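What follows is a short report on a single structure.
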Protein chains: 2
Amino acid sequence: MSEFSLIRRYFTRATPGAVLGVGDDAALLQVSAGHVLAISTDMLVSGTHFFPDADPFLLGHKTLAVNLSDLAAMGAKPRWATLAISLPQVDDVWLERFAAGFFALAEQQGVDLVGGDTTRGPLNLCVTIMGEVPPALALRRDGAKLGDDIWVSGSLGDAALALAHLQERVVLDEAAFAACATRLHQPQPRVELGLVLRGLAHSAIDISDGLLADLGHILEASKVGAELRFDALPVSEIMSQFKDAAMVQRCILAGGDDYELCFTAPESCREALSQLAATLTLPLTRIGKVTSNAGCVVRDVQGNNMTMEAGGYDHFA
Amino acid sequence: MSEFSLIRRYFTRATPGAVLGVGDDAALLQVSAGHVLAISTDMLVSGTHFFPDADPFLLGHKTLAVNLSDLAAMGAKPRWATLAISLPQVDDVWLERFAAGFFALAEQQGVDLVGGDTTRGPLNLCVTIMGEVPPALALRRDGAKLGDDIWVSGSLGDAALALAHLQERVVLDEAAFAACATRLHQPQPRVELGLVLRGLAHSAIDISDGLLADLGHILEASKVGAELRFDALPVSEIMSQFKDAAMVQRCILAGGDDYELCFTAPESCREALSQLAATLTLPLTRIGKVTSNAGCVVRDVQGNNMTMEAGGYDHFA
């Protein structure tokens with residue numbers, strides 16, 4: 001099985017959204033009139049981002065999902081992707097399952113795989129995702145305004161709780177672990193939400209490194225601060241019943257991998273956002289306000305400033 | 001040193017050609033009117049594509065050069081790139097040198113680094129390169145016509161000869177090795193040539209896997225054959241004086257890494273191409289003809305069909 005046959009066999013599908021897809025020196029893509037190209041790249045490494053024995057179907061899903069999440073956070077419509085894989089050896093079963101997971105999500109999201117590279121080496125997956133957005137409507141990190149509400153989608157911390165279970169730092173019962181593991185292994189990028197937030201949100205980011213770390217990027221870029229209410233943070237039934245308060249706090253505030261969106265919007269959008277939540281059947285929760293302070297304050301139910309551990313997940317921390 | 005500081009310190013430069021560069025969830029890029037985006041991705045793995053102790057400055061150059069070569073082969077003007085790096089540990093000296101090599105070529109070619117990812121893992125470099133080209137002028141693999149001349153730029157095989165020396169399969173004297181090693185470690189992507197071939201060449205590819213393998217992709221995509229004259233193939237002084245005929249043949253026909261362009265053009269373009277060669281001070285050599293046969297025949301100086309070893313370099317062969 002040669003490199004060329006590998007690419008052909010597993011990663012060549014129809015690319016109706018491309019002028020020219022896989023199989024030349026470069027793919028050719030037509031960006032829609034009035035739009036700019038939104039592009040982001042993410043590398044997933046065995047042993048750093050996933051366990052070496054990870055289910056390849058789920059890994060195919062997640063490799064694309066984490067990239068789609070970046071486009072969602074820009075309010076961009078996903079269109080195309082490239083995929084580079086380094087593999088220790090040719091493993092047909094693994095490749096077939098990985099491709100199945102990748103393409104299941106790609107087809108659901110209307111993404112064409114337009115290029116790639118396959119080579120020998122330690123397992124490493126690198127996706128570059130491309131979408132399009134009218135430039136004035138892009139959801140940037142630097143647009144948060146004093147007085148904006150801060151919102152998050154879905155619920156926070158379950159992926160981190162599943163990881164803690166896998167690392168034997170907590171013990172979950174089977175049903176609880178199964179629910180949390182789905183959040184960890186099959187994150188659902190909030191692409192639809194990103195699209196409808198165009199024109200409503202002032203700023204947005206996806207939560208890949210933990211709420212405080214990622215919201216921190218918005219605050220830094222927008223030169224504002226934030227005040228959050230810990231009891232307002234949306235959590236699952238499992239998280240709300242979990243007894244270890246320190247672990248709960250860590251998962252909610254600093255756990256990565258949930259791939260929810262955190263965004264800011266003016267108070268005038270509250271009604272519109274509530275209606276959107278209903279339409280998308282996706283909870284949208286107000287968790288605090290943009291302030292003129294430096295940094296982010298989290299208040300407990302009594303209004304006291306909670307002491308936090310620093311930051312989110314950082315690959316070189 | 002955190003991931004965020006790493007990206008900021010070494011890989012954040014001005015991006016005058018981008019609507020929005022490094023530092024948000026995605027970069028935003030405006031493709032010029034009348035143009036399509038040309039995009040390609042390449043992954044370089046330590047131990048597969050380069051020696052673990054490779055000079056990081058040269059590696060920075062080569063990582064971008066091999067990607068630029070893909071755009072050159074499409075006749076696309078380079079504009080933007082993203083870079084994902086997996087590193088076993090933070091090594092400031094290595095990162096600084098790598099970035100210096102990468103940006104020296106990027107600035108020379110007018111390429112903005114608009115996004116990236118830095119993570120922990122075995123050394124792996126993944127670049128996605130983007131450029132633009134009017135779609136009707138793109139140099140595709142499937143455009144070769146019966147009767148076209150087949151051309152190559154520069155000279156063939158020196159990079160493979162340098163690699164053979166490093167692998168102790170041949171012995172070169174110091175000066176000869178130095179000359180060939182420059183071809184291996186600092187390939188010069190033929191970007192200018194690709195741009196001027198718009199409207200002249202019927203098809204093009206860059207030679208990364210060896211002349212026969214890469215020309216084979218043109219022939220397959222264009223559903224034609226080829227006849228080459230071995231003595232017409234352009235080689236350096238060093239190669240022409242090298243004694244091991246089997247090694248010479250292997251380097252010229254199946255050696256990768258020269259990153260020259262192979263292209264086909266109608267006979268009516270001969271004069272224009274000769275003038276271009278003079279203007280660019282880059283040799284352009286006619287090496288054969290497109291035929292209606294299946295596959296590629298190489299004839300020796302007596303006109304006999306030479307027996308070849310198969311193919312080029314294939315990462316899973």
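Keep in mind that glycine also has a Cβ here, set from the backbone N, Cα and C atoms.
Small disclaimer: the values here were computed from a predicted structure and weren't measured.
TrEMBL lists B:Asp25, B:Asp70 as Mg(2+) 4-binding residues, and of the candidates B:Ser40, B:Ser86 the one it assigns to that same site is B:Ser40.
Across the range of the domain 'PurM-like N-terminal' (B:23-133), the DSSP-based residue counts are 35 helix, 45 strand, 31 coil. Cβ-based crowding with a 10 Å cutoff singles out B:Asp25 as the top-ranked of the binding-site residues B:Asp25, B:Asp42.
Counting other Cβ atoms within 10 Å of each Cβ, the lowest count among the binding-site residues B:Asp70, B:Asp117, B:Asp206 belongs to B:Asp117. For the recorded site, B:Asp206 (Mg(2+) 3 binding site), the DSSP three-state label reads strand. For the domain 'PurM-like C-terminal' (B:147-298), the model gives a mean pLDDT of 95. There are 23 other Cβ atoms within 10 Å of the Cβ belonging to B:Arg141 (ATP binding site).
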